[in-house]
Amino acid sequence: MRNIFKSKKKENENFELDMDNIPNHIAIIMDGNGRWAKEKKMPRSMGHKAGMETIRVVLKEATRLGVKNLTLYAFSTENWSRPKDEVGTIMKLLVTYLNKELKECHENGVKMNLLGDITKLPEDCQKALNNAIETTKNNTKINLNFALNYGGRDEIIRAIKLISEDVKNNKISEDDIDEILVQNYLYTKGIPDPDLIIRPSGEQRLSNFLLWQCAYSEFWYSHINWPEFKEKDLRRAIADYQNRDRRFGKVK
Ligand code: FPP
């Protein structure tokens, strides 16, 4: 198979990127697979399949540009209410993706992580995911975080329960509870907050994604559906991000 990480270096076409100001963490809501398929008079499953191919393209480009964390919203806690066969397709694609890409990702320094409760996923998915995490655990080039069976509210409720338990068991006291402590009870423990959140397909909402972590994230929306999202779109988003004035609530 073609090595996606070693192909010819591209110019940063059309967009002058400041390579000293590449977002450390980009999070993406991979939306528009269904609409893309509908436009092409194809079943929704084909949209998800095409969406899976986009992950290759975007991961490679993010790695090339020096992004250190890439988080992809692949399946939300609400997505279970989709038709059974669509849920099944997404789960199968996840295993396909890991089988196809793990070796190359590992060779190129990708460390895979999970956000969400995967114990509800089919057993073959859990196995493939745990294997991917174990295989890539010492890699340092880029963290690829899959949000799977993930919901921001669910994550916060889980953290509250874990914190309460630790207070009850005298592991921590109520006075210890601050932002840093809460962060350590989230799925994203150890991962910096996203600098840039991208949502393709024209929707302009968060859909329960990284609710705690996005407090000061920059948002970027585009009308392109995820299966058509290309390297240049990622660069366009980063170029736009580089023109933002991030004040974090302060005055310059
Ligand atoms: C949103 O588009 C997309 C999803 C709910 C699933 C994303 C899954 C993939 C990209 C494929 C495989 C995943 C992995 C991790 C390899 P939508 O279905 O809501 O599109 P629509 O809004 O146009 O209907």
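Just so you know, glycine gets a Cβ as well, placed from its N, Cα and C.
The Cβ neighbour count for Asp31 (active site), using a 10 Å radius over every protein chain in view, is 22. Mapped onto three states, the DSSP output places Asp31 (active site) in coil. The feature active site is assigned by TrEMBL to Asp31.
The Mg(2+) binding site annotation in TrEMBL covers Asp31, Glu218. In the shown protein chains, 19 other C-beta atoms lie within 10 A of the C-beta of Glu218 (Mg(2+) binding site).
Shown in sequence order, Ile29, Gly152, Ile197, Cys214 are the residues of the chain, 6+ apart in sequence, with a C-beta less than 8 angstroms from the C-beta of Leu206 (substrate binding site). What TrEMBL lists as substrate binding site is 32-36, Arg44, His48, 76-78, Trp80, Arg82, Arg199, 205-207.
TrEMBL lists Asn79 with the feature active site, proton acceptor. In sequence order, Val87, Ile90 make up the list of same-chain residues 6 or more apart from Asn79 (active site, proton acceptor) whose Cβ falls under 8 Å from its Cβ. DSSP assigns Asn79 (active site, proton acceptor) to a helical segment in the three-state reduction.
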CB < 6 Å to ligand 1, subset of binding-site residues Gly32, Gly34, Leu206, seq order -> Gly32, Gly34
Hey, how far is Glu218 (Mg(2+) binding site) from Thr77 (substrate binding site), Cα to Cα, in Å? 24
